[in-house]
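Beneath this line is the structure, given in structure tokens, with notes to follow.
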């Protein structure tokens, strides 16, 4: 169980250390054989090496089985050229590992429905996983360009691109509530027709998982009106970009949202939130997203589904018992982590 740890910038080192405490506790209790090494990344790497994704970090990622990432960026590096910015390091990391599927869970924890912008009765029971295709679609399609008179982009997907992200979604659904909603715009776009047909073909290999199709406009409406009906959503790059951001507001705080990026190389697990330089070093950062990212790592990189659920349950109890400041409580990073560890014991 070899992990490359990239704490990054701002609150990244603090929340990553909280996640590592949880992993170390599990390793001690379960004998996981955890081995990890810390590498500079983002702004911290720029300060040390002059680039955000330096060769020692790149090598560490290549040799690891999973990457646990904190956060990158901050005002200190805002004026740098784009090609050496902390955010470019993140894009380079994903590209180097051919990470084609982004997984973004959005869960409203029991007892915290009041945090959601939705009515409590609508928010109750929400637990949705958005699986977004990361490397194809209109963001990368050619030709693309712009003139004085017009601009153009190309929405393009190959069959293997759709098949592989669909498999990720169906495999995830098998470990959850066994229901996949595939989102497209098949009524007006040929790419949507192709997407739908290909997902259906993949779905035949998963007879235990129910498959439903929705147009993207209907899916957006249902995510707001009745989000608890969703289990796993799979969609293309641009629709996934929009729907995952829409779903991210359902729990009520970015501090609750983990993510995973999966592909051919080393998978990356990271909080959705940014580096929050305004609270860095104050000991008040909410480590929930980082701890849940570690739980996703246990599940998706190492197949330890039961341990991942154990971590999620401990976090849910800690959120009710000692909520952090961004959720209306007063528990600092260390105090909240201690509560999680107590419930894991």
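A Cβ is built for glycine as well, from the same backbone N, Cα and C atoms used for every other residue.
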Q | Per Swiss-Prot, member of 58, 132, 196 binding substrate alongside 94, 104, 217 | A | 132
Q | CB within-chain contacts under 8 A for residue 104 (substrate binding site), separation at least 6 | A | 129, 130, 132, 244, 247, 248, 257, 259, 272
Q: Specify the secondary structure state of residue 132 (substrate binding site) as given by DSSP, simplified to three classes.
A: strand
Q. Is any of the recorded positions 78, 86, 139, 185, 241, 245 within 10 Å of residue 217 (substrate binding site) (Cα-Cα), and if so, which, in sequence order?
A. 185
Q) Since the record lists 74, 86 as binding-site residues, which of them has the fewest other Cβ atoms within 10 Å of its Cβ? A) 74
Q.
Using the CB centroid of 217, 241, 245 as the Mg(2+) site centre, which other residues of the same chain sit with their CB within 8 A?
A. 216, 220, 238, 239, 240, 242, 243, 244, 246
